[in-house]
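According to TrEMBL:
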BINDING   A:Gly167, A:Ser193, A:Arg194, A:Ala195, A:Ile196, A:Thr197, A:Gly198, A:Thr202, A:Ser263, A:Lys287  AMP binding site
ACT_SITE  A:Asp255  active site, proton donor
DOMAIN    A:423-490  domain 'Pyrimidine nucleoside phosphorylase C-terminal'
2 protein chains.
Amino acid sequence: MQLKLEHFNIKIGQHKVLLNVADARELGVNPGDRVRIRGHQSLSAIVDTTDDMVPPGTLGLFHEVYEHFQDWDKPVEVVPAYRSKSVSVIKKFMDKKPATQDEIKILVNDIVEENLSDIELSAFITSSYIHGMTDDEVEWLTRAMIESGDTIEFDTHPIMDKHSIGGVPGNKISLLVVPIVAANGLLIPKTSSRAITGAGGTADLMEVLCPVEFSSQEVKEITEKVGGALVWGGATNIAPADDKLIRVEYPLSVDPYYQMLASIMAKKGAIGADNVVIDIPVGPSTKVPSVQEGQKLSRDLINLGHRLGMNVECAITYGSSPIGRKVGPALEVREAMKVLESMEGPNSLIEKSAAIAGILLEMGGAAPRNRGKEIALETLRSGKALEKMKQIIETQGGDPNIKSDDVQVGQYTADIFASADGYVIEFDNKWIIEIARLAGAPNDKGAGVSIHKKMGEAVRKGDSILTIYAEKEFKLENALTTAQRTNPIVVEGMLLRRVPGTYGFQ
Amino acid sequence: MQLKLEHFNIKIGQHKVLLNVADARELGVNPGDRVRIRGHQSLSAIVDTTDDMVPPGTLGLFHEVYEHFQDWDKPVEVVPAYRSKSVSVIKKFMDKKPATQDEIKILVNDIVEENLSDIELSAFITSSYIHGMTDDEVEWLTRAMIESGDTIEFDTHPIMDKHSIGGVPGNKISLLVVPIVAANGLLIPKTSSRAITGAGGTADLMEVLCPVEFSSQEVKEITEKVGGALVWGGATNIAPADDKLIRVEYPLSVDPYYQMLASIMAKKGAIGADNVVIDIPVGPSTKVPSVQEGQKLSRDLINLGHRLGMNVECAITYGSSPIGRKVGPALEVREAMKVLESMEGPNSLIEKSAAIAGILLEMGGAAPRNRGKEIALETLRSGKALEKMKQIIETQGGDPNIKSDDVQVGQYTADIFASADGYVIEFDNKWIIEIARLAGAPNDKGAGVSIHKKMGEAVRKGDSILTIYAEKEFKLENALTTAQRTNPIVVEGMLLRRVPGTYGFQ
């Protein structure tokens, strides 16, 4: 069927065209079918139909399809196309039938090329959420994710990397781990994410200090120059399938286990990592509620690493409380810089960073067995880590002379006070994140929360438990109102409950 | 956040708005989240984000949202909205946790109101495909589907209805069953579908004779006037959730079992049916491959009917061959009209129609037990069924004096010939449907296939096995080429295979 073209200047994340219902019936295609567009560029697209958006004889092109045309004044020949091979692969996942390596590769490529509809993608996510995947399938998925994007090959080895499973507020340790490891002569090209549901990802934090958007080639160059990089993975085209899957997982609030494994390891594989440490915070409001589950996840990550030729160690860490006392990009950067400058700062942050960095130093041969943490702490104390951080900041285009006190935090602040004398006995990570987000984090870099009293600490009535920071007054009010209304920080005296005796007066 | 409005004149089947990424970050919302739009009409919509389609400060409205605004020159106040309650219900289906009746009602209403994204809908379909549903959930789903659309209440009872599970080509029996039942004084307001993957649904067929698009009120009036109606369900707003679910099921080629039950019975419940017969064709290329599965389906339909206060009987029928010898709207109408006019026609069509009609006559009290089929055949023979069909055609706005020979079929024809003497031993329903569709059915009413030799029949080399009809020459050629290339009709002599003896020459 010959159709003239009409352009709808809207990106919808899939190759889609709009047919008048009359033309669709004449072609014998239904919404969700595909058509092939013959022309100087031959491509296929998913059909949607309309009574009135395009007239008969016209093909409406959404932006992703339109981009393929140079000469769109000419009519095109449109024919029904076979169902995408990927859809039959998705059907296999729905039916819990094994998929082959080639099939998974085709599927991942179609995901990256935006050749699949939301309906198809969601069926894949939902099926793998319900049925899981075999070890082979996870390996093939990971390999396909690596191959469908940019990869970096370094001339020197080993390449080090770390990853933290999310869920803990204030987990700013990469700002310390990367310079410690690089200061000891190892290469660590760290790509990080921006927060989606959190108060600040490492990329959001680092952006307070310098640009974080680089191509994978630039990441390579930065790393080769100064030993470490702290960049936003989303700009690199490394394992790009991940972002396409997150777009579908997010509205369903799911993160299918085996896809999480594949996504983590694909990013490590794509930069050619030899040695990887995965930080697995365990606690009721993290992604991993129990140590048992942390151990299973560890085994699965180590096993997958082995299949991919990577040396993986996992660190199961305490995840019931924030790391350090600051949550939100600028506040966290300040806290981390202060540690680099003077070792001043919360124990939880210094200890955890040194432990993780220490494992990496041992794996990379820069520290003898069992002495990694000690050397990591020494790297901090000596100022070498600060020196390295300055080099990284400068190489990424920031000001290397920035001091922790120079980092601007939100000018509007308000406190939450203890309602009684006693001890902080409940403290909800999710609540902290929500307050920080309401105050503007991660978009408003200066917004966040400073925690004065953590779980188990003694307070007196009227003490400030936390301070909320915001860049905009109305956001501060929003956050404060919600904080006061929903306050889950329970302060109780040491006497939690009096249990009366059974026999008369005691 | 105050935003001015921009209208994208595109329907996308969901309430969606487009935010610039900067505004989305400022609001703290991600793609897939919802925002509430405050204005004289307060409503919520699913967020998509863009770098460049709308500038900061502007909210792009797709058509479904735009429709809610009278005064769209004024800026609106946009705030983040809570996740839809339906999404948590979908999450329950994903996790195979029981849902309550209220939750299912909320979900179905959101489906009908197009408040859910394709991602969410597909997660629901995929989950119920994988996990199935409990009897309670199916009942509640059916009730919610009934309540979310129009319902018809007749003053007289009983109300009769029939439904055929799809998959058999040429299953035109409603064109005979409805007039037979109505001619015996019973009310039968039959809503039917158009073909999606078939060569012609009952609505496509009836449309050859008269209009089929009526409101549910008009269906009631037609039925009260002449006892029967044969209309397209899609125009009535009866159980409208079904079409929204089919839009998602179709690209995945799935028809989750329990949703099929609910969809069938919701349409019956909505018209107030008291007695229903379900025709379940069983055969390798129908939806129900074995008699065992047909029996399970029967039990489930009868059970669901009981829960809804409907009397259901099921008829497991032979589905390995087409019903009658014609496939495609006009060809099928011709064949059915000829039976009504003169009882001339294939046994398979007359027998099946009379059997199904007979059960309905018995259920409705218009025939004594075990005499329904006999009375149905008598109704055909006496011309009363033809008389009733003419009344229905006239009441729906068609020409009651139309004769079978007046029905125009495609002028372009071609034959498929037997390649040898022998017997037709294989005959594939799906292939017949594919050829009829390639020839133009169901859109080109005159297109289709006339079958001269069915399974088991003797042929001589050069005999025509079937004739393809088309309204357009290129479609005929398309169909013919495919038919010749893929021909699955196997003709073999009676000697199928010679098995030589074991010991020397015999």
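All positions are counted from 1 along the displayed chain.
Cβ atoms are placed via backbone N, Cα and C, with glycine included.
Structure coloured by features recorded in TrEMBL.
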residue	record	DSSP class
A:Gly167	AMP binding site	coil
A:Arg194	AMP binding site	coil
A:Asp255	active site, proton donor	coil
A:Ser263	AMP binding site	helix
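Here the domain 'Pyrimidine nucleoside phosphorylase C-terminal' (A:423-490) has a mean pLDDT of 89 out of 100. Listed in sequence order, the residues of the same chain lying 6 or more apart from A:Gly198 (AMP binding site) and placing their CB within less than 8 Å of its CB are A:Gly166, A:Pro169, A:Ile433, A:Pro442. Contacting chain B by the Cβ rule (under 8 Å between Cβ atoms), the binding-site residues A:Gly167, A:Ile196, A:Ser263 reduce to A:Ile196.
Cβ-based neighbour count (10 Å, all protein chains) for A:Gly167 (AMP binding site) stands at 22. The record assigns A:Gly167, A:Ser193, A:Arg194, A:Ala195, A:Ile196, A:Thr197, A:Gly198, A:Thr202, A:Ser263, A:Lys287 to the AMP binding site, and the maximum Cα to Cα distance across that set is 18 Å. Distance noted between the C-alpha atoms of A:Gly167 (AMP binding site) and A:Asp255 (active site, proton donor) is 12 Å. There are 17 other Cβ atoms within 10 Å of the Cβ belonging to A:Asp255 (active site, proton donor). Cα of A:Arg194 (AMP binding site) to Cα of A:Asp255 (active site, proton donor): a span of 16 Å. Each residue contributes its Cα atom, and for A:Ser263 (AMP binding site) and A:Asp255 (active site, proton donor) these two points are 10 Å apart. Cα-Cα distance from A:Ile196 (AMP binding site) to the residue listed as 'active site, proton donor': 13 Å (rounded to the nearest whole number). Within 10 Å of its Cβ, the residue among the binding-site residues A:Arg194, A:Ile196, A:Ser263 with the fewest other Cβ atoms is A:Ile196. With DSSP classes pooled into helix, strand and coil, the tally for the domain 'Pyrimidine nucleoside phosphorylase C-terminal' (A:423-490) is 24 helix, 18 strand, 26 coil.
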